[in-house]
Amino acid sequence: MADRPEPSSTQQSLVVPDAGVSANADSNRSLPRKDTDNTTQTLEELARQNVAPFLAKYQPRQYAPLRSQVSAPSERHMVNAGYCYRHQPDSKCSRRQADEQSMTQLQSELNLLPQSDQQGIAHVWSLFSAAPAKQRTLMLQGILAQSCFPQLSYISASVRELIRIDFLAALPPELSFKILRYLDTASLCRAAQVSPRWRALADDDVVWHRMCEQHIRRKCNKCGWGLPLLDRKRLREAKREIELRATNWGNNKPAVGSSEAAMVESCSTVQPPASGKRTLESDEEAAALAKRHCASSPQSPEVDESYFKTRYRPWKEVYRDRFVVGMNWKHKRCSIKVFKGHRDSVMCLQFEDNILMTGSYDATVKIWDTDTGEELRTLKGHVAGVRCLQFDDTKLITGSLDRSIRVWNWRTGECISKYNGHAEAVIALHFDCTLLASASVDRTVKIWNFKDKSTFVLPHPQGVNAVKIDSVSRTVLTACDDGAARLWDLDTKTCIRVFHNHIGAVQQVIALPREIELENHLADCENDHVGTSSQGGDNILSTLSPLLEATSPSHPNSPFGSSFDQDQDRIESPRYILTSGVDTTIRLWETSTGRCLRTFFGHLEGIWALSADTLRIASGGMDRMVKIWDPRIPTGQDTYEGHSAAVNCIGLSDSRFITGGDDYQVRMYDFRA
């Protein structure tokens with residue numbers, strides 16, 4: 001061996017171990033027993049001579065620290081560049097940690113071998129550990145080429161488990177969020193059970209905010225499931241924070257911990273402005289936190305930090321609460337509360353949060369607390385029945401059979417002003433911003449402009465039963481006793497569309513929210529005979545009434561007339577509207593074409609009350625029943641009974657609806673319980 005020429009370092013690392021093993025085998029067969037110790041010592045020295053340069057070349061920091069300080073940058077780059085992401089020293093993902101139990105067993109088996117075999121195996125491991133990716137591949141190819149079938153079978157069984165990687169731990173948080181946002185609710189909950197790291201990512205606000213946006217107040221196009229409305233203010237304020245976290249603003253990274261506190265903290269490592277957070281939903285929770293904060297020591301910064309962090313609800317909790325409410329709607333699980341106090345039929349109502357206002361034929365307006373059921377105040381002033389009302393944070397406006405309109409400060413009970421402009425009873429009113437529209441039996445709709453103190457009248461052929469203003473598009477919807485609903489342009493004071501298909505008086509007309517999506521569900525709907533023509537879309541308008549043809553816009557760009565084209569900033573009217581009438585039907589219309597897209601059948605008598613949001617339609621009528629509809633499925637409906645007389649009015653929110661009837665009662669169906 002001494003006379004053998006000295007090979008290069010690379011050749012030594014690849015050839016000499018096999019030569020050493022071969023020499024060792026030959027020595028066991030040919031050398032005398034007395035020379036065994038000398039031969040073993042010679043092989044060990046030769047192995048050290050061959051392995052040392054290899055280790056010094058590819059692991060300079062450990063085996064050649066002085067050389068590593070003066071090594072060329074290109075060589076250092078070549079050494080590190082070949083590693084995969086698991087073994088890249090500069091990567092945030094460290095080497096895959098060996099299983100402690102497996103290593104213990106491996107070490108025990110190694111200790112059973114002779115000392116020379118242990119050293120040889122250790123040299124092989126050291127060579128492979130120090131080798132770059134290319135050399136490792138060559139080593140593995142050589143090992144596989146010399147392995148028999150039992151050994152290959154063992155390798156196959158072992159590799160099957162080893163190649164399973166935690167890809168979410170390997171990826172940056174923003175990419176992990178991108179992947180998780182494609183999962184459904186059930187899959188996200190299962191992902192949170194994989195590991196603490198997965199739980200921190202799967203429970204993060206970035207993921208669940210997307211889930212809330214996709215399902216709350218709308219039907220998901222993928223799963224067909226929709227959840228009740230979330231508070232708009234909280235949704236808007238949190239959006240900026242979620243966008244920052246989704247793009248890894250501030251290099252946030254979820255922390256992995258064993259406790260729940262660590263998980264919550266990992267979701268709040270980025271601290272945007274306070275406006276981007278979600279406040280507590282009740283004053284009781286805030287009071288409880290205030291007591292806990294006051295009771296704690298002011299010297300402890302941890303208590304202060306915990307105090308502020310617990311004020312924000314994770315989006316997963318918001319989704320969970322909305323999901324519970326949605327399931328209650330689906331299975332008709334609700335609590336019922338009855339408000340008694342009126343001495344005549346309840347004709348109108350409105351509620352916001354815990355405030356409910358009702359108007360009755362007993363000429364009073366009552367204000368209720370829906371949480372306690374307590375009657376807070378009774379407003380008196382009208383000399384005949386109150387037929388319509390609407391309120392906001394500061395004022396209440398009522399219309400009465402005494403032909404007057406009154407404006408109240410409902411917090412104090414004071415009547416601020418009174419308007420007399422109709423010749424007969426005021427049946428409906430609606431205000432939006434600075435405009436008020438009132439409808440009357442005198443066949444007119446009067447528009448009151450509080451800003452410039454002006455008024456004008458929209459004439460109708462018969463009495464008007466309902467009116468709705470859309471200030472964004474500057475249009476008005478009206479329902480008339482002549483069996484038609486109309487869309488008016490407030491700028492030109494003209495009727496731009498007539499919806500004429502009811503048999504009998506139209507009692508209600510409302511616009512569906514602009515964000516509602518019905519295109520996919522209406523693609524195969526069967527339209528009424530007035531809606532479409534068998535000859536195609538060009539003949540749609542030919543089947544409508546002469547009044548519609550006379551008032552339909554001729555401008556080629558906008559279906560609503562030239563006034564919309566002249567003002568580029570003007571938004572078109574809502575795309576869909578609903579009407580109900582004494583013919584027991586509810587009809588869905590497309591405003592741009594005047595088509596009746598769908599008819600809802602189910603009531604046995606005339607429909608007096610109608611309300612809707614993006615998820616459902618609520619209606620009540622002379623048959624004493626309340627029906628809840630899905631605007632996408634005309635045949636599906638839930639029926640609620642409880643009134644002993646006709647249902648005159650209804651109010652709908654994300655988690656409850658309230659009705660008033662001729663039995664003098666107001667009934668609240670609450671799905672939050």
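Cβ from N, Cα, C; glycine included.
Looking at 1-39, 79-117, the stretch flagged in Swiss-Prot as region 'Disordered' turns out to be 1-39. Beyond the repeat 'WD 3' (422-458), the same-chain residues lying 6 or more positions past its ends with a Cβ under 8 Å from any Cβ of the stretch are 384, 387-390, 397-405, 464-471, 476, 478, 488, 490, 493, 495. Using a Cβ-Cβ cut-off under 8 Å and counting only residues 6 or more beyond its ends in the same chain, the repeat 'WD 7' (642-673) has close neighbours at 217, 228-230, 322, 325, 328-329, 333-340, 342-351, 356, 358, 360, 368, 370, 605, 608-613, 615-616, 618-626, 628. With a cut-off of 8 Å between Cβ atoms, the residues of this chain six or more beyond the repeat 'WD 2' (381-420) that come close are 344-345, 347-350, 352, 355, 357, 359-365, 367, 426-431, 436, 438, 440, 448.
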